[in-house]
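Record features, source TrEMBL:
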DOMAIN    23-97  domain 'P-type ATPase N-terminal'
TRANSMEM  93-111  transmembrane segment
TRANSMEM  294-315  transmembrane segment
TRANSMEM  335-361  transmembrane segment
ACT_SITE  Asp408  active site, 4-aspartylphosphate intermediate
BINDING   Asp408, Lys409, Thr410, Glu505, Phe546, Lys569, Arg602, Thr682, Gly683, Asp684, Arg829, Lys835, Asn858, Asp859  ATP binding site
BINDING   Asp408, Thr410, Asp855, Asp859  Mg(2+) binding site
DOMAIN    905-1155  domain 'P-type ATPase C-terminal'
TRANSMEM  936-956  transmembrane segment
TRANSMEM  968-988  transmembrane segment
TRANSMEM  1016-1041  transmembrane segment
TRANSMEM  1053-1074  transmembrane segment
TRANSMEM  1081-1107  transmembrane segment
TRANSMEM  1127-1150  transmembrane segment
REGION    1202-1224  region 'Disordered'
Amino acid sequence: MGRATTGEDLQDNKDTAFTWEVKANNAAYHQQFREKGFLCWRRRKYQTNGIHTAKYSIFSFLPLNLYEQFHRVSNLYFLLIVILQSIPEISTLPWITLFIPLLCLLLIRATRDLVDDIGRHRSDRIINNRPCQMLIGKSFKWRKWKDLCVGDVVCLTRDSIVPADLLLLASTEPSSLCYVETADIDGETSLKFRQALAVTHYELISAKTMAAFNGTVICEDPNSRMHQFVGSLEWKSKTYALDIGNLLLRGSKIRNTDACYGLVIYAGFDTKIMKNCGDIHLKRTKIDLFMNKLVVLIFLSTVVVSLLLSLGFWLQGREMKDKHHYVSISHGKGLFVESILIFWAFFILLSVMVPMAMFIISEFIYLGNSAFINWDLQMYYEPHDVPAKARSTSLNDYLGQVQYVFSDKTGTLTQNVMSFKKCCIGGRVYGPDNEDGTCPKENPYQWNEFADGKLSFFNEELLGIVRNKRDKVVQEFWRLLAICHTVMVQEKDNQLLYQAASPDEEALVTAARNFGYVFLSRTQNSITLVELGEERVYEVLALMDFNSDRKRMSVLVRTPEGSICLYTKGADTVIFERLYKRGVMEANTEKILSAFTEQTLRTLCLAYKEVEEHTYQQWQPRHEAASVQLQDRARALQQVYSDMEQGLQLLGVTAIEDKLQDGVPDTISSLKKGNMKVWVLTGDKQETAVNIGFACQLLTDNMLILEARDVNIILDSYGEQNKMVQTPKRSLRFQLQNEVAMVISGEFLDHLLVSLRKEPRAVIQSEVEDKAWQEMSAIRRFSMMWWSLGTSLSTRGSKGKRKQESPEARRERAFVELASRCQAVICCRVTPKQKALIVALVKKYQKAVTLAIGDGANDVNMIKSGWLGVGRGGADPRGPRSRSALPTAADIGVGLAGQEGMQAVQNSDYALGQFCFLQRLLLVHGRWSYLRICKFLRYFFYKTVASLVGQIWFAFYSGFSAQPLYEGWFLALFNLLYSTVPVLYIGLFEQDVSDAQSLKMPELYMAGQKNELFNYWVFSKAIAQGLFTSLVTFFLSMWIIRDTAGPNSLGDYQSFAVVVALSSLLSITIEVMLVVKYWTLLFLGTVLFSLGSYFILTYATQSLWAYRLVPKTFPFLYVLHNVLSKAPFLLVVLLNIAVNTLPILALRIFRHVLKKPRFREEVEAAPSEVSEEPLPQLRRESRIRRSSYAFSHREGYGNLITQGTSLRRPRGDNSDTNVPSGFLPDEVEEALPSTPREPRKISFLTARWPGQAVPGQLVVVC
């Protein structure tokens, strides 16, 4: 449990303050402290345990939401227009006609934000109202989580969730051990143990003694370091050291422990898991941000045009007054004032260039595309009744632009289910008899009374060999699996129940159990099996525990016959080098291992040897001496273990399948074809993560895998290079000639992410971490070798910007550049906060669209909206953000409804049932949404310019008087009815290819990544085409009527206005028919509806009845009827349509003929990016085959067993009467909560065979 502290660590972390003082059972003490908050407000230093992750409250919703909404430049623009329209002197339309649409737009968005926030409030309420037992007075009473405060003592029972960060005081287990599962924190489902201090273990034996407990804990201030804690307990004039092994973290789940008791150290937002969470911020898409820039551009253009037109009025003002007295111009004001009024009048008239209808319709488009995701039955996961759900309605187009996918492993890529798939014994493979790997309908293990029916593996031949006892190697194979492990066993409902520290071990021991080699019980120095119905007790002479360096575990036992055997299991790389011979059987086994590797199965090699008595007698004193050695004990023990683990005889290989979710390899392959980079971020071990990488085809055997040492060499060479003068010859692009992958750890990232880290380095580091980093530092001495070879990384920033960067920032930039050129990146042993920091790193230096997907609470930080303050010191999630804050969450968060709860779903933008549905979400719905919104915006700008820029041309013929060209009702209804419905169809239903073709051709997805469908060039083309249409429509009509007169003339203003309006409407309608590729009856209905609404409503507004009712509001009397009834008018309209359409159509046909398929060009152009100098080979020693070893076991359980720490003594043994684990006096037992503290039956063995138990046998309960 202890961790080494070095002087360098203390010097580097002098900013870490140990000012957090917790007094047990003293709430009044903590309530008196205050610290500075926002402005003059002072908040409590010690927070309650209630959390509030919602953005809004009842009082803050309206001002905060309006503040966020008016961050959109378009809303500010519309508000300005409404204010201007309310001024009578310059108004062209009643202000209410613009205010109501703006209000509707704000209400739609506010309602959407409110619904999302209500969900957060509901989630907070559920969490805060969870029950727990809190010590009140001298007894434990049920209270809610939100009622807990720092210093309270709580009681937790089996399967309870830890409500706050607790100091473990005692438990019902021996030595006050407590077993926890941290799947919601780091994604690991293997059990971890925590242990109370010996002083609290012996002293705090009842509720009465706990109520009298007045110890003081002094520790580091709240921080986000999940795996580190430093503090001390002062009690009874003595001080006791505390570390992370004494702390129960919020979000952990109590397992295999009847009851435990803890002191609240950090509560609410001060807990480590909450410190790993960021604030919620508004996610904005690229198109949304781009629209802000376009609104500013259009605004400036409108101002410039209005200034020019008002200048024209200034020059022609006097002439207009003298010659054209019938034009209404204000009198009694100076020309300068009139020009200013004309400027604002033109500004209002041209304000329709940013149509409010476009933003309102876009909200319905986003809502509709979200509904299509919810209704997609092909993304419905029937086994768990989980449909796809778009929890955010404003990010659909972002789904079509994703460049990086950050995925969790456990529960996201895998099912988190281990199954015994195959085995190799004596060089022969035994696989399942059935192709699907399932057992026959009739249970083949019924002959075994201990069989649990969980084993899906069945091989009739192997089972016959086992039952007939014909092969000694087979017997030793299964005996090894039943002996060599650290599994705990207990009896429940007259059945054996195994509790393993890893799912791998449970699968292996369960397989042996079903094949007749049943692990029954263990003591501190013995282990009992039932081998094919015969009970056998083995004396345990030594248990050589697994760790990441040894990659193996061994048990030295004395058999009932008196012989000594060593049983070893571990990685093939360490087992094969310890064999006493390498014969034919060993060679065949290596080939079989290669086959298992290709099938991405997790393998363990099994070996044993018989040890001579005199050899053991010589080895045993050395083992005892190493066990009590004070210095370098671990190294001494490892050497002693290694001496014994020599000359082994190979028994065989086990192959376990870590089942992937359905369709994971195909999904990752499709995403990679769509030019998306997939990074796996997991809290699991490196071997396990790499094995899954191969299983899901993220990694391949021909890839060069860069590990932390290799990455450091490259980054160090880059750092040395930056110290020298950069010249074009030396600034070489980094080129990886082979397919390269990167596998790094959270420890490496902790040293790398300096500029993004909010807190100083941890004061305490593990010995393993220090050792690993020292090795990395030693490698730096060889960094100049890479400089001499000319290796360099290219950076995307400007030279001036690079010079201003710190060395740490340059190193981060180089790392991201290197990682972005890798085909796959796997980050192991990372904390939730490190996951978010990795996302922030990519967003900071790559400016890419990122997506994060996960299924547990440990993935929430990278999924939900979060901010990271780059400022110094810990940032409070409730306080103001740093000036240099940047978002840490991915642009899109996808939550899976998995086995680790619903936390990820509740904080996500999109919820799915399986990882494979991500393929359809991105390649179909995402690409379609991006295509639709881009076409919608492009066409909307085109039609707006094509129809309404005629106002500018008309100004040259109206004396720059700001007189509208069109009828007022045409302007009001143009974007509401006349041209809106076909545009809405584009935004909701447009498709370039079907969904099946989208999945078959992932290369089509790259258009969104490159912003090809809507950018400045596309916008310019839309504006240019609109200008062309408006020029043709206006000036062609003007040129025809210039010298005409008579009843068929277009010379009157109203007829000319209607002809131009009708020509524009029909031209843009034909354009939409040419643009849309997905023709349906619904589309034809939208076209007919738009044209029909124009004719019907125009006839209504130009009727005699309307004219008589309000002449000034309906001045156009039967104008459309006159235009349609005269052939010359119709010919002009047809001519305008033809000139507007035919040239554009011809140009598109010409481009289509010359254009080649996009993805073929990409494939052909790929080799063009070649560096001037290749990367030197980083490949280490070449191996004939890749090891598929992956074993998710944790070090430490062996010591618990050999020392008897985790073993409970039976009744009658009062050697440890002070242990609060079922041995308390009756009156004390009654004082404690009603939690079962009595030990279970002595053992499953004594229950079945009375009188046959070994005297003094210990019973294992976990």
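Glycine residues also receive a Cβ, built from the backbone N, Cα and C atoms like all the rest.
Only residues 6 or more beyond the boundaries of the transmembrane segment (1053-1074), in the same chain, are considered here, and those with a CB under 8 A from a CB of the stretch are 939, 942-943, 946-947, 950, 965-967, 970, 974, 978-979, 982-983, 986, 1029-1030, 1033-1034, 1037-1038, 1041, 1087, 1090-1091, 1094, 1115-1116, 1119-1120, 1122-1123, 1129, 1132-1133, 1136-1137, 1140-1141, 1144-1145, 1148. Looking at 294-315, 936-956, 968-988, 1016-1041, the range that has the most CB pairs within less than 8 A of the transmembrane segment (93-111) turns out to be 968-988. DSSP places the residues of the domain 'P-type ATPase N-terminal' (23-97) in helix, strand and coil in these numbers: 29 helix, 7 strand, 39 coil. Cα proximity to Asp855 (Mg(2+) binding site) (within 10 Å) is found for the following recorded positions from Asp408, Thr410, Phe546, Arg602, Gly683, Arg829: Asp408, Thr410. Here the CA atom of Asp859 (Mg(2+) binding site) lies 25 Å from the CA atom of Arg602 (ATP binding site).
On the backbone, the CA of Arg829 (ATP binding site) and the CA of Asp408 (active site, 4-aspartylphosphate intermediate) stand 11 Å apart. When the Cα atoms are compared, Asn858 (ATP binding site) and Asp408 (active site, 4-aspartylphosphate intermediate) turn out to be 9 Å apart. If you look at the transmembrane segment (968-988), the same-chain residues 6 or more away from its ends with a CB under 8 A from one of its CBs are 93, 97, 352, 355-358, 361-362, 364-365, 368-369, 932-933, 935-936, 939-940, 943-944, 947-948, 1061, 1065, 1068-1069, 1072, 1075-1076, 1082-1083, 1086-1087, 1089-1090, 1093-1094, 1097-1098, 1101, 1113-1114. Scoring each of the binding-site residues (Thr410, Asn858) by how many neighbouring Cβ atoms lie within 10 Å, the top position goes to Asn858. The maximum pairwise C-alpha distance among Asp408, Lys409, Thr410, Glu505, Phe546, Lys569, Arg602, Thr682, Gly683, Asp684, Arg829, Lys835, Asn858, Asp859, the residues recorded as binding ATP, is 33 Å. Here the Cα atom of the residue listed as 'active site, 4-aspartylphosphate intermediate' is found 7 Å from that of Asp859 (Mg(2+) binding site). Between Phe546 (ATP binding site) and Asp859 (Mg(2+) binding site), the C-alpha separation comes to 29 Å. A gap of 10 Å separates the Cα atoms of Gly683 (ATP binding site) and Asp859 (Mg(2+) binding site).
Within the set of binding-site residues (Arg602, Arg829), the lowest number of other Cβ atoms found within 10 Å of a Cβ is recorded at Arg829. Between Thr410 (ATP binding site) and Asp859 (Mg(2+) binding site), the C-alpha separation comes to 11 Å.
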